[in-house]
Amino acid sequence: MSCPVIELTQQLIRRPSLSPDDAGCQALLIERLQAIGFTVERMDFADTQNFWAWRGQGETLAFAGHTDVVPPGDADRWINPPFEPTIRDGMLFGRGAADMKGSLAAMVVAAERFVAQHPNHTGRLAFLITSDEEASAHNGTVKVVEALMARNERLDYCLVGEPSSIEVVGDVVKNGRRGSLTCNLTIHGVQGHVAYPHLADNPVHRAAPFLNELVAIEWDQGNEFFPATSMQIANIQAGTGSNNVIPGELFVQFNFRFSTELTDEMIKAQVLALLEKHQLRYTVDWWLSGQPFLTARGKLVDAVVNAVEHYNEIKPQLLTTGGTSDGRFIARMGAQVVELGPVNATIHKINECVNAADLQLLARMYQRIMEQLVA
């Protein structure tokens, strides 16, 4: 199958860019963008490669994405080696095919076609690309955004190429994401012998009523755009492994995926009040990995919906479900942020794949979005 989008996707898949190693992917993208008149600024931080590229001036539409991929797992379980792209029955297989090298290829080819047709486009077209979205993400998009904000860069619209679709490309568009807040909680007791409980203080017993009440809380009921806030206990650890020792500490880690009905400070206050109510001795550490954000109907959402309806003849659902994405950092710039990408059914799995025709369709959609906003 000869197609510039498929060919570029295959070239990217052949580069085993395990986070945060870019493995030469960005050099390939930069070469293509510079050839059509983009100015490229590399913005590397520690072991992470990033670049910010732009062409033109005025209202800015940025395309954002990541070159890194998650590990392939057991390569012997793949129908072909994970970094050797293969097309079977119209499906392109390879690690990163859906998440998100196919989107990157579609973005770049769309930009090439757009610039060829609109060499003097009125707005500014930009790219924000990182090699660390899948791992810690500490030195990726967040650092680039901080640098851009420090010099008052303008970003009006941002299209993130994360695989948003469920069954066919464009059936779901993400116009927001929930916030994510993790609590690392240690309940302190006194270690002792199980035969002498009066000489010890069992933190597991002490914490049980607190945890019971915590999991029963209805944090909110969500709203028009967000499902209800969810709290899940992810890890819990106590004890020495011996059956005759009362543990001295209990560690509990729980995560909130929260809507715009709450703030992280409101959640923290409620958890701390509950700890005090149960008279627990504790230490607590919080990690806020992202605030919730929402892009209401406006120029970007309308342009994306128009592009999907034009090429796939379906009306996309606007959803805020799923995990976090780098869109949470870009939203800080005041930009309208929307995610549109391929079907996500196989992301992070053995035999990750994407419908090759979907990538061609995605490139056309991306180009139509450019034409509506910065032509």
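In case you wondered, yes, glycine gets a Cβ from its N, Cα and C as well.
Source: prediction; values computed, not measured.
Matching D89, D99, D171, D302 to the Zn(2+) 2 binding residues that Swiss-Prot gives (E134, H348) identifies D99. In Swiss-Prot, the Zn(2+) 1 site is described by H66, D99, and among E162, E167, E213, E218 the residue recorded at this site is E162. For the binding-site residues shown (H66, H348), fewest C-beta neighbours within 10 angstroms: H348. Of all the recorded positions listed here (D68, D99, E133, E134), it is E134 whose C-beta has the fewest other C-beta atoms within 10 angstroms. Listed in sequence order, the recorded positions near D68 (active site) (C-alpha within 10 Å of its C-alpha) are D99, E133, E134, out of D99, E133, E134, E162, H348. Listed in chain order, the extra residues whose Cβ falls within 8 Å of the Cβ center of the Zn(2+) 1 site residues H66, D99, E162 are G65, M100, S103, E133, E134, V160, G161, P163, S325, G341, I347. Every protein chain shown contributes to the tally, and the Cβ of E162 (Zn(2+) 1 binding site) ends up with 27 other Cβ atoms within 10 Å. Within 10 Å of H348 (Zn(2+) 2 binding site), counting C-alpha to C-alpha distances, fall the following of the recorded positions H66, D99, E133, E162: D99.
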